[in-house]
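Working notes for the structure below.
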Amino acid sequence: MPYRISRQAYAETYGPTTGDRVRLADTDLILEVEKDYTVYGDEVKFGGGKVIRDGMGQSQTPRTEGAVDTVITNALILDWWGIVKADVGLKDGRIVGIGKAGNPDTQQGVTIVVGPGTEAIAGEGHILTAGGIDTHIHFICPQQIETALASGVTTLMGGGTGPATGTNATTCTPGAFHIGRMLQAAEGLPVNLGFFGKGNASTPEALEEQVRAGACGLKLHEDWGTTPATIDACLSVADRMDVQVCIHTDTLNEAGFVEDTIAAIKGRTIHTFHTEGAGGGHAPDIIKICGEANVLPSSTNPTRPYTRNTLEEHLDMLMVCHHLDPKIPEDVAFAESRIRRETIAAEDILHDLGAFSIIASDSQAMGRVGEVITRTFQTAHKMKVQRGALPEDSARNDNHRLTRYIAKVTINPALAHGISSEVGSIETGKLADLVLWKPGFFGIRPELVVKGGSIVWAQMGDANASIPTPGPVHGRPMFGAFGKALAPSCLTFVSEAAMDNDIQSKLRLDRTCMAVKETRSVGKSALKLNAALPKVSVDPQTYEVFADGELLTCEPAEVLPLAQRYLLL
């Protein structure tokens, strides 16, 4: 006779199942489990008196015959493709199974074999996401890496050489020497990394040199002169060498207006940074570029979401980052031209519509490297409060909104930069870069971060305590972040030309170098759940933003979730 268990007792034991709903931290966002891949009555769970024991949920299968290295049990997966409950199997640092784990000799429906060589991570009662991807990094200091990892970000792409004046302002690693040094520095950092060369040149030779030296992309920045000539030259090199181009356009409209930039791009793929404009770009209407099919538009987190403090903090940040002098009126006017409440408010709504596709940090250069995921779900919360449910959602859940927003910090930046075959989602064959969250801390403080199949970061108590949980409990680096375990768990993204140039051997790199691929064929239509193409216009006098003729405006938030409630010091 089957044993019956209440839904509440089941959720407390094995985590939520199909039809159960979970609130995310202190937001108003609710997810609902769409499907459960585990088998009722044959669930696996580790512990005294539990299932993963010899002859029960653990088989005799050796690793060589198919048993996985690690199983994450009963996890609630949140990814762009859906919200499901499943066991997840890891082997050789990659995801090899999403389904039902256990012993096929004693259990039904097993797709992930647990053996004597299998480690267990308890995922029941936790949310599992892919590691976050931040593609707007100013590599100003190496301490950013730990801060990003502590927030659930496992891949960082951008440019810089340290706290040089150029790096403080622009995400460029200029020239072969600096690219080589940064690739060597990456050896000791427990995340995936990729570096952008400086794209500001009107002839191709110096750009090609940087790509061969290991740049995985090129960055055009107005502080180095983003003119129509440099845009055309940079994109021409990128098309030949298959790397992405990122652009921060001409705020002052010195070399042309947004229409001139669009003309210079000539329909070629380009990733536009802080597309709203407060981070830089044609004033006041760079935001309209998000309606172009070849443009991959992103935001940076200082304007995510629009709050009562957003405008006030921006001016001083901008003056510092771009080496401006508050005593020079022209510098102040330059800064003030970028900060517009109307376009920042519209940015919130364009994200909710799926017209802006990516969110990144702009680390230490107006943005905060440890707040990408937090700011993303604060924006989702604010939009639910102000705009209500999306048409695709129901009164029961916010599943479509949640999958749309998680895509902005996982799969979409991966697609934009040609690394989606390796990272960006929870799919078999991809690198096991995974983040486990307690629902009450979702988006603000990961419980566990797995990098290439090894735990690299976790909430951990006093190391001198008798058990792992006594306080002070805080995030700390784990064994996967140390020694020779680090290199095989991480990837360094470079160009195919750099691989042909044998850059890994020339620089004596231990980490696996991986070439970015198909960066020139990706268009906005390829970006998951964020491919809307509204016709956007900006009133030049009032700065009001319209999409398909409709005014986009919203009030600033007075208070946000995922904030001081979690960060009292």
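Glycine too: its Cβ is placed from the backbone N, Cα and C atoms.
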From candidates Lys198, Lys219, Lys288, Swiss-Prot puts in the same Ni(2+) 2 site as His248, His274 the residue Lys219
Checking Swiss-Prot, the member of Asp362, Asp393, Asp398 that binds Ni(2+) 1 with His136, His138, Lys219 is Asp362
The most crowded of the binding-site residues His136, His138, Lys219, His274, judged by neighbouring Cβ atoms within 10 Å of its own Cβ, is His136
Integer Å value for the Cα distance linking His136 (Ni(2+) 1 binding site) with His274 (Ni(2+) 2 binding site) is 9
The binding-site residues listed are His138, His248, His274, Asp362; by CA-CA distance, the one closest to His221 (substrate binding site) is His248
Cβ contacts within 10 Å for His248 (Ni(2+) 2 binding site), all chains included, total 25
Note on Ni(2+) 1: the CB centroid of His136, His138, Lys219, Asp362 has further same-chain residues inside 8 Å, namely Ile137, Gly158, Gly159, Thr170, Thr171, Cys246, His248, Phe273, Thr300, Ala360, Ser361, Ser363, Ala365, Gly367
Cβ proximity for Asp362 (Ni(2+) 1 binding site), under 8 A, sequence spacing 6+, ordered by residue number, returns His136, His138, Phe273, His274, Gly279, Thr300, Asn301, Pro302
